[in-house]
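Engineer: Before we start, here is the structure in question, set down as structure tokens.
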Ligand SMILES: Nc1ncnc2c1ncn2[C@@H]1O[C@H](COP(=O)(O)OP(=O)(O)OP(=O)(O)O)[C@@H](O)[C@H]1O
Ligand SMILES: [Mg+2]
Ligand SMILES: [Zn+2]
């Protein structure tokens with residue numbers, strides 16, 4: 001099976017890491033060490049090899065190592081199905097993050113076409129209980145892993161909506177101005193919705209008949225106003241006819257930015273938000289694995305999978321099953337945990353590193 | 001001061017300044033004189049927004065350029081890029097930006113009412129929208145097309161222009177190809 005993996009990674013002045021260099025092969029990567037050692041920071045650095053703000057959704061100014069705050073750099077040599085790429089992302093103090101692919105300066109969005117990355121972090125544990133925004137973001141991340149161009153549709157939609165919201169707030173009456181923005185929102189919004197629907201279909205397909213120890217989840221999309229948003233013309237019309245109500249509200253009340261994703265524990269027929277804590281986590285793991293399986297089938301290579309503190313929350317049977325599934329996919333999964341014993345079942349199927357907090361920042365040892 | 005210039009970061013600005021100081025007599029002196037002259041004489045054309053040394057620029061004064069074609073561009077750099085390619089023989093209208101409610105740039109700031117007037121007073125037959133293929137550029141293009149609807153033929157440059165690619169960065173061949181393959185909007 002082909003693989004997508006990081007061959008070498010270097011972090012300079014990134015969070016707690018002053019200079020950390022790793023040489024890797026295609027096997028899963030494990031980091032263990034005490035709280036605050038700098039494990040999650042390494043996974044965050046890898047997540048920045050995809051477009052966006054990374055797995056903590058942090059601002060670019062948070063990444064630079066304090067107290068120096070000199071700016072930071074992440075460099076990775078990756079292998080995607082036998083092809084080598086050099087990725088570099090960096091920011092000077094007070095500046096935006098820039099990206100270089102194979103030595104050439106590129107927009108951030110270009111990263112999504114080179115390497116697919118999916119992740120699960122502890123902050124997502126309450127995703128089924130909290131607001132729709134987190135679920136939408138989870139869905140959009142999965143969608144981008146399948147369709148990198150989804151990022152462009154999301155950016156275009158957001159931009160047009162923020163413009164329209166400003167017109168609404170300022171009570172601007174120029175109908176032509178609204179019309180051009182609404183048409184843009186209609187086009188990009190319909191693309192967003194059809195991408196999301198395609199993603200749900202792929203996930204459903206990847207879950208049926210799959211041999212996995214994790215419970216299947218049925219996903220569906222819902223709009224608070226109960227409307228379907230899959231045609232550009234229809235969405236544009238809805239925005240136009242909703243303009244008066246939107247003017248009163250001072251913002252856009254209908255659109256893909258308002259939809260919610262519902263999850264159901266398939267086998268039991270129980271809504272995700274009513275499942276036990278452990279079941280909710282298992283559903284997320286199941287979706288991330290389904291996402292990875294489907295990508296492996298599509299692109300020929302499993303994505304990079306970042307699993308922050310996932311092992312610690314599983315009983316030993318589930319943990320072993322997770323390791324077997326990851327290895328079966330041939331995925332380079334990046335995992336963290338406080339104790340090395342969590343990963344003994346992996347044996348030499350993984351590359352294990354110990355992370356410690358040293359004098360000059362985080363240190364990583366074989 | 002130099003670091004505030006577009007395209008120059010603090011580091012490259014420092015390098016440029018040090019270089020200029022080293023070459024004080026052959027570079028810095030003449031550059032300072034040229035800058036002084038530009039500061040004294042450069043002005044925006046009251047008609048089209050081009051930069052020249054007179055109230056009405058050369059292109060607007062030239063009878064030959066009054067051929068009924070008007071090319072709308074975002075900024076003066078785009079106008080110069082079109083001129084460099086030498087394929088366009090009509091006049092220009094420089095918007096000075098794109099529509100952006102968030103940046104408080106509306107139709108008036110972009111002199112769109114002036115554009116509508118010019119189409120009538122200069123007997124324009126075709127307005128060519130040569131705006132960047134960015135989201136903002138396209139919003140602005142559609143807006144202008146709506147404003148001019150009915151009165152005149154409105155076309156836009158062919159979409160050989162890459163998304164996010166700005167006119168100013170395109171080579172002459174690409175610009176002339178895009179102009180030849182323009183289509184109605
Ligand atoms: N910009 C920064 N500069 C310097 N240190 C930072 C910066 N941002 C975060 N840190 C520090 O990095 C350290 C390691 O964080 P990280 O989240 O990687 O720990 P961890 O090994 O995952 O710990 P845990 O097991 O508790 O999750 C923390 O002590 C944090 O204070
Ligand atoms: Mg951590
Ligand atoms: Zn002029």
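Cβ coordinates come from backbone N, Cα and C, glycine included.
No curator has checked TrEMBL annotations; they are predicted automatically.
Summarising the annotation, TrEMBL assigns ATP binding site to A:33, A:34, A:35, A:36, A:37, A:38, A:39, A:40. Marked as domain 'RecF/RecN/SMC N-terminal' by TrEMBL: A:5-346.
How buried are these features, and what lies next to them?
Structural biologist: DSSP assigns residue A:34 (ATP binding site) to coil in the three-state reduction, placing it in neither a helix nor a strand. For residue A:34 (ATP binding site), the same-chain residues lying six or more positions away in sequence with a CB closer than 8 A to its CB are A:338, A:356, A:357.
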Engineer: Restricting attention to the domain 'RecF/RecN/SMC N-terminal' (A:5-346), give the mean pLDDT.
Structural biologist: 95
Engineer: Quick check: which same-chain residues outside A:33, A:34, A:35, A:36, A:37, A:38, A:39, A:40 lie with their CB within 8 A of the centre of the ATP site CB atoms?
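Structural biologist: Once A:33, A:34, A:35, A:36, A:37, A:38, A:39, A:40 are set aside, the remaining close residues are A:336, A:338, A:355, A:357, A:362.
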Engineer: For residue A:33 (ATP binding site), which residues of its chain lie six or more apart in sequence with Cβ-Cβ distance below 8 Å?
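Structural biologist: Expected: A:39, A:338, A:354, A:355, A:356.
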Engineer: Could you tell me which of the binding-site residues A:36, A:39, A:40 have their C-beta within a distance under 6 angstroms of some atom of ligand 2?
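Structural biologist: Near ligand 2, sequence order: A:39, A:40.
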